[in-house]
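Feature annotations, courtesy of TrEMBL:
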{"type": "DOMAIN", "residues": "239-364", "note": "domain 'GGDEF'"}
{"type": "TRANSMEM", "residues": "42-62", "note": "transmembrane segment"}
{"type": "TRANSMEM", "residues": "68-88", "note": "transmembrane segment"}
{"type": "TRANSMEM", "residues": "100-122", "note": "transmembrane segment"}
{"type": "TRANSMEM", "residues": "142-164", "note": "transmembrane segment"}
{"type": "TRANSMEM", "residues": "171-190", "note": "transmembrane segment"}
Amino acid sequence: MVSGGTMHFSRRIEHLDRQDDFRDPAEQQLFRQVTVRDTRSLATAIQGFGWTVWLASVLLRHPPALDLVAAGIAGLGMLAAMALTWSARGPVANGIARCLYIVFLTLGLKADILVTSVPVFWVLPLGAAVTVGMSPIFTGWISYGVSAVAVWSILLLGQLEALLQTDDADWVLLFLLSVMALGVTLNLLFRHERQRIFLSQRELARLAFRDGLTGVHNRRSFMLAVDEHLRQTIGLDRDPGHLVLIDVDDFKQINDRHGHDIGDQVLAAVAQAIERCAAPQVCGRLGGEEFGVLHAAGVDPETFGRRLCEAVAQLNAAGLPTTVSVGIAPFRAEDPVSVTFRAADEALYCAKRQGKNRCVLTSSTAAPG
């Protein structure tokens, strides 16, 4: 028989690529930060390509004519914006850097076409190339739209009247609108794809580090949290706290008498109770009906254990009376994690032998008596 947890896991895998909404504003903000980080190299590479094209246009002017002031402002402005794009970590600062680069690039290209015999000839193709070419480097459509408006405003300044006086004025307007629409569409498509990949990766991380049935950390994630906690506390000569192991009493009888579906409901309810009591500390399902809590120093572990036993006893999970036994052992700098787990496990089974629905704290990593 397939358990509810397995079915739930399968459904999440099946619908992995269909996730397109953020869970909360914090996840949306994280997406913006991750997108800036992940597109930094691409944006800088495209900016470098644009700077190279502009430099080539300056060197290949015919007849040769170089406005040192205009060229210096455009070239140095682009380099400064590229450096800011690479170094800025925040989404707002990075978006401003990318906008500034586009403005300086367009100013440089505008200075180039003004010395040609027919400047108006270059306005539309250059505007289209910049508008479409910059669509991948912007992480949001607002910053992209502002930059696109800036591009066309700079290029059309002093040239719009000449374009609209031709017999093809309607075609010119259609071209402008089409290029803008194409650029915005491409930018939105790039953003949607990045968002889809981000959400898929987030869900894969949840599947890899969260228990599919209960939603709390799985054993792998819990052990990683323990290792990181010990590195941070013991390395700084701080009290590392305690390991709390929790086991659902008589869980095999619940499964045998009421079925695995009811057993799964009991586990999920117990996990939620543990998570509520332990917050903001890390808790996880270690396997079967056993859970663990990384209990921080400064809070009495026995008080926490008793409060946890009382919270679970009041659950009446799936209509069944449910209790847990709790074993607690201190982390010590001189002992490996396996020794602490063994001591907490011995304390847990000492609680079982004493009648269940209670907690036992061992003051050392030796087995409690």
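Placed from the backbone N, Cα and C atoms, the Cβ positions cover glycine too.
Proximity of distant same-chain residues to the transmembrane segment (42-62), defined by a Cβ-Cβ separation under 8 Å and at least 6 residues beyond the stretch ends, is recorded for 71, 74-75, 78-79, 81-82, 85-86, 98, 101, 105, 108-109, 112, 115, 130, 133-134, 136-137. Beyond the ends of the transmembrane segment (68-88), by six or more residues, the same chain brings 36, 40, 43-44, 47-48, 50-51, 54-55, 58, 94, 96-98, 100-101, 103-105, 107-108, 111 to within a C-beta distance below 8 angstroms of the stretch.
On the 0 to 100 pLDDT scale, the domain 'GGDEF' (239-364) averages 92 in the predicted structure. Assigned with DSSP, the residues of the domain 'GGDEF' (239-364) fall into helix, strand and coil as follows: 60 helix, 28 strand, 38 coil.
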